[in-house]
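Over in TrEMBL, the protein carries these features:
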type	residues	note
COMPBIAS	43-55	compositional bias 'Basic residues'
REGION	21-81	region 'Disordered'
TRANSMEM	244-274	transmembrane segment
TRANSMEM	294-316	transmembrane segment
TRANSMEM	376-394	transmembrane segment
TRANSMEM	525-545	transmembrane segment
TRANSMEM	557-586	transmembrane segment
Amino acid sequence: MSLRSGGRQLSFELLAGAGDLSADDADDISPRSLPDTTSDGQRRRRRRSKRKRGFRSPPIDEAASEGEQPRGEGGGDAAAAFRVTDLRSAVETVCESSEPERSAASCVTYVGVELRQRSVSRGERVLAASGEDEASSCGSSTRESAAAAAVAADVAAAAWRPEANGGVKKKLEKEESLDWEKYMKENSNILGEVERIDNSPFSYFLGELYGGNSLRSTIAVGNEKKRQRVYNTMFHVPWRCERLIVAGFFVCLDSFLSLLTIMPARIVVTIWRVLKTRKFRRPNAADLSDYGCFIVLALGVASLQMIDISLIYHVIRGQGTIKLYVVYNVLEIFDKLCQSFGEDVLQVLFNSAEGLSVCSTDNVTFELMRFLLDEAIAVVAFVVHSFVLLAQAITLSTCIIAHNNALLALLVSNNFAEIKSNVFKRVSKENLHNLVYYDIIERFHITAFLLFVLAQNILEAEGPWFDSFLINASLVFLCEVLIDAIKHSFLAKFNEIKPVAYSEFLEDLCKQILNDKPDDRQKDLTFIPLAPACVVIRVSTPVYATLLPAGPFIWRIFWILLWSVLTYFMLAIFKILVGLILRCLANWYVNLRLRRKQHVD
């Protein structure tokens, strides 16, 4: 249907082109060459002729076949009338064929008509058309009709072009020449270039003033997720982290008090049982572990008693502020290394104690030798760790007593070096868990250092010193709390860790307090209080010595035992209070987390 419609339109264009002829030319054209467009029969014949078009046959030289003279500039009007008349007669001959031939009209080849403009003399507008028509009829055979129909379908796409369909090429009249410079002036931004901005300072300032804040062009507008991240960094993470560190600090304090109260009590009870029954039996693994820890503690305190604190103090004080910072950092690194190694050594010692307690009689010698060897290694390791902590405490005491702002320089340099070494690293949730536990142990060690500074001030300070000590100790603690808050806030921000992770860490710590997770010991807070206990006992002994009255040796022994018993009872009461409060709070928090999980589910 589309092909026929296109052919019909081209026929109308042909008639329109023929209507443009002059009156003299129209008189020469016969009615047969220009059919009446209002006649229905003529329309039907024209439609049939369009359907019968197929592939274009080679053009026939009209001059040879019809006896036409060559085209020239002379007889253009008569020749055009003759060609149009001859064209119409050829088409009518095909259309007036019989009905059987009309049924095979699809195989009629296309009558090629080529219309082109020709220039005519004397400047008149004429329709110069040269038609070359040729029609090939189909045989009565159906096979030939089908073959011709296939050929006609192959060239159907080419028939769409107006030139191929015999359409008239209309001449475009040039109305106005295209001036490129004028067009570019009218459409200056056609290439998408940025328009030129007025460089006047006043205009620029007014544009910025009325254009709004320039930061909105460089920073995207946030959403609720960004707001929640800001609140997490400023409030939620510091609060939950500090809550976890405080809870861990009291767990370390409970372990420290257990070493000073429970372990001596167990050893005294064991010795009293042996003396009462007068029967020696092989101790169990717990008793052997207590004996090993007591030996390490006693030898550690005895080793530190032989160290001259005043000599170390003056050596460290003679260094500059930068050297103090370097010395403190070196000692802090060795402290962490000794913590990691001491944990392994103590595990090996407990394993040897368990093997010695359950071994057979034949392997007693081997297990005993291995236990003694592990005990010697533990003594060396914890004596070295105790010396490192003592040197670190002396360095901090030197910075506090100095009057050249050495403490402030030490805190700033050390704490911000800690931020730099931790914040910009990619850490996982498990590594963050271990990092929080290191901060808890560091907080407890700083407390032990401040006790050392307090003891040194009691022994050697002159004048009103307590206010100055209180201010410096508060400054150290506040700086440590602030640095821990900043460090964990940005660690959680950069690693996309939610504040609920710190609540999960606290829940694990509470389960450790309640002994509710015996199978999973990897998430436990591992704190070995042997080295801090050696330092505290070493610095507390001279303070107790000043409280002893002068008199006979027996009288001094009495006062030593009295002060020791009083101290033990105070520590035992403190241990009971800390232990009970920790268990109550741990039980409450675990139940709270359980209710929240059930509510969320």
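Cβ coordinates are placed from backbone N, Cα and C, and glycine is handled just like the others.
Keep in mind that TrEMBL annotations are predicted by a computer and have not been checked by a curator.
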Recorded stretch that, among 244-274, 376-394, 525-545, has the most CB pairs under 8 Å to the transmembrane segment (294-316):
376-394
Taking the transmembrane segment (244-274) as the reference, which of 376-394, 525-545, 557-586 gives the largest number of Cβ pairs under 8 angstroms?
557-586
Cβ-Cβ under 8 Å with the transmembrane segment (376-394): same-chain residues at least 6 beyond its ends:
292, 295-296, 299-300, 303-304, 307, 309, 312-313, 316, 327-328, 331-332, 334-335, 338-339, 341-342, 345-346, 348-349, 445, 448-449, 452-453, 528, 530-532, 534-535, 538-539
